[in-house]
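The structure under discussion appears below in the form of structure tokens.
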């Protein structure tokens with residue numbers, strides 16, 4: 001493995017040799033995981049589909065492979081000094097268990113707002129935890145600082161040849177489990193898993209197609225491919241937190257650019273639908289990033305009309321907060337085009353509801369919200385069960401033909417996350433501005449929010465609903481005069497929360513203003 005560490009750009013053969021040599025070593029901590037057939041989904045999509053069950057690892061994710069590969073390769077002197085890492089997720093647990101298995105000290109620096117369930121998990125695997133900083137970048141900076149002070153080895157989450165090679169042992173298993181795969185779909189966060197899997201499979205199966213899958217709101221590889229080099233994202237979504245990476249690694253980008261055949265981006269609703277498929281097919285409960293590869297597989301098959309092929313995706317992890325499942329159950333039907341969310345305007349007069357019901361006929365209504373607004377028209381928020389995109393189009397056409405104004409809200413995130421729970425009627429606030437905030441799930445966060453803004457501006461609307469993630473999503477309305485807009489946004493900047501002005505949202509216009 002000497003070439004892997006001394007060559008600034010290790011070759012494919014350098015990586016293959018390292019993966020083969022690490023194969024026996026990694027299994028001192030990790031396990032060979034099954035490649036399981038998804039029968040129902042295979043029938044539905046007319047392809048043979050397998051799922052690689054990395055949720056069966058001792059830390060419930062693939063991250064153990066790369067962490068153990070690197071830590072076990074350290075010199076005796078490095079091992080004696082211990083290892084350090086920065087993470088609020090699966091990498092932290094992989095490093096902690098690897099160090100415990102090898103009898104080493106492990107210090108994990110985690111952001112101060114890390115949920116206690118994740119802190120306890122790291123401690124349960126034998127790691128010492130230091131809570132520091134408001135976000136991952138601050139925690140990482142502290143970890144690197146301490147690694148120099150204490151002479152401990154910093155274990156990166158993805159951008160290191162040994163970590164990449166460790167993840168590649170997963171692909172070695174896949175070769176032995178199904179010999180004739182046509183496609184493999186791999187989730188991309190920092191790129192370590194995708195790079196390790198692609199470089200090995202392309203060596204032994206040159207014709208195989210390796211497809212990278214990213215979340216639309218944290219697509220750091222796509223941004224790097226577009227620019228030609230790794231670049232920082234200005235904002236990342238946090239639902240699939242296991243792949244919520246601001247910047248892809250330099251080495252992982254080099255390998256992904258060379259060995260991936262294509263990319264597909266998926267949204268959170270499509271991820272939720274894939275999580276449901278995993279449960280229904282193999283009774284696995286995946287974390288959102290764990291289901292990302294399968295979500296990409298489903299989308300790619302439909303977009304490219306592929307049939308009769310052998311395909312695999314990786315269930316990369318299952319470390320999720322149980323309360324996340326409530327959000328998943330609400331959103332998975334939209335991700336499969338099995339539910340349409342519509343805003344319907346009708347005359348405010350007797351018989352309108354009955355006519356509306358006649359047009360819908362025997363279709364299953366999943367949600368129906370209405371409140372009186374004025375004497376002329378009524379706006380109704382309705383969910384209707386559908387079987388596909390065409391049926392939704394047919395419903396909209398039927399309603400329009402019968403004199404109803406219809407807006408499709410199925411892709412309106414404000415409607416799906418907030419407005420469907422806020423059917424209290426309109427407010428005559430001409431100077432109201434509407435904002436969304438990513439809100440940390442930690443003690444004192446709401447107090448900080450109110451102390452910064454409440455004394456100066458009146459809050460006219462507020463909606464928050466927890467769904468088990470490290471960050472929640474808040475919708476808030478403020479009464480702001482036009483001349484105060486700049487001053488108000490300066491106040492928002494002091495919060496250090498991600499925010500967006502959504503005053504022009506069509507769901508806000510329909511139901512709340």
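Positions of Cβ are set from backbone N, Cα and C atoms, glycine also.
For the pyridoxal 5'-phosphate site, Swiss-Prot records 90, 189, 190, 191, 192, 193, and the single candidate of 11, 13, 316 listed with them is 316. Using DSSP to sort the residues of the domain 'ACT-like 1' (340-411) gives these counts of helix, strand and coil: 22 helix, 27 strand, 23 coil. All protein chains considered, the CB of residue 189 (pyridoxal 5'-phosphate binding site) has 30 other CB atoms within 10 Å. A Cα-Cα distance of 12 Å separates residue 189 (pyridoxal 5'-phosphate binding site) from residue 63 (N6-(pyridoxal phosphate)lysine). Listed in chain order, the residues near the pyridoxal 5'-phosphate site other than 90, 189, 190, 191, 192, 193, 316 are 62, 63, 157, 158, 167, 187, 188, 194, 242, 243, 245, each with its Cβ within 8 Å of the site Cβ centroid.
The binding-site residues listed here are 190, 191, 192; among them, 191 has the most other Cβ atoms within 10 Å of its own Cβ.
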